[in-house]
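Pulled from TrEMBL, these are the features on record:
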DOMAIN    1-157  domain 'GH16'
ACT_SITE  Glu47  active site, nucleophile
ACT_SITE  Glu51  active site, proton donor
Amino acid sequence: AGFESNVGYASGFFQIKIKLPNKNFSGVVVAFYLTSDPDGKGGNHDELDFEFLGSNGPPFTLQTNVFANDEGGREQRFHLWFDPTSDFHTYGIVWNQHQVVFYVDKTPIRVFKNNTKIGVSYPSQQLVIQGSIWNGETWASGGRKIDWSQAPFVASFVGFGVTGCQFQSSASKDQCYISSPKLWWNGDKYLGLDPAQRKALQDARTKYLYDDYCSKHADIHQECQINKNTS
């Protein structure tokens, strides 16, 4: 099951409150993401992912990923520091032409910088918002199968908030990158993290990040060579 926005965006701040199934949902994936390939046809796509990997109790795993120009393989996995099945928590993405920042309850947990100057692809296509719950038992839960006696699996999405610039055409998308009061996420404040945010990011990654593509494949991802802690 899932939902999709009626329009696509070229930049913005996207957030939602999610509560995961409060039962054994091993093998089930709950996702909130931005994608240029909403129909799953493949090709040269961009994507920014929050994926919650099903389990039977703690630890609860959140995986983030970044696709740019169809190049993915940038998975980072965190053990959440709260129970996401017992209450709603807010998950957000800021996306501009300087950086992508993933937030959990206002805490930045990941930054992906625009490093096109050194040949790293960066999301720049029209992105549609999607949310879904689906069968990921082949990879999501360490090989554990879905216990269908637990069905139905219900993920709740509320508080949907989008402050974004709608994508009109490739020729005009640069208008979504300017800094203005209306497009505040492109302003100086969002070119990088402030000192308090950098500390919060480092603390979250030190305590809760347990699987990072940069520790495995730094040789094939140039951004890992620049700053492993924020890639």
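Heads up, the Cβ atoms here are built off N, Cα and C, so glycines get one too.
Unlike curated entries, TrEMBL annotations are predicted automatically.
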Intrachain C-beta neighbours of the residue listed as 'active site, proton donor', sequence separation six or more, cut-off 8 angstroms: Val29, Val30, Ala31, Tyr33, Leu62, Gln63, Thr64, Asn65, Ala140
Listed in sequence order, residues with CB under 8 A of Glu47 (active site, nucleophile) and six or more positions away: Tyr33, Leu34, Thr35, Ser36, Asp37, Asn65, Val66, Phe67, Gly72, Pro123, Leu127
Predicted model, mean pLDDT over the domain 'GH16' (1-157): 95
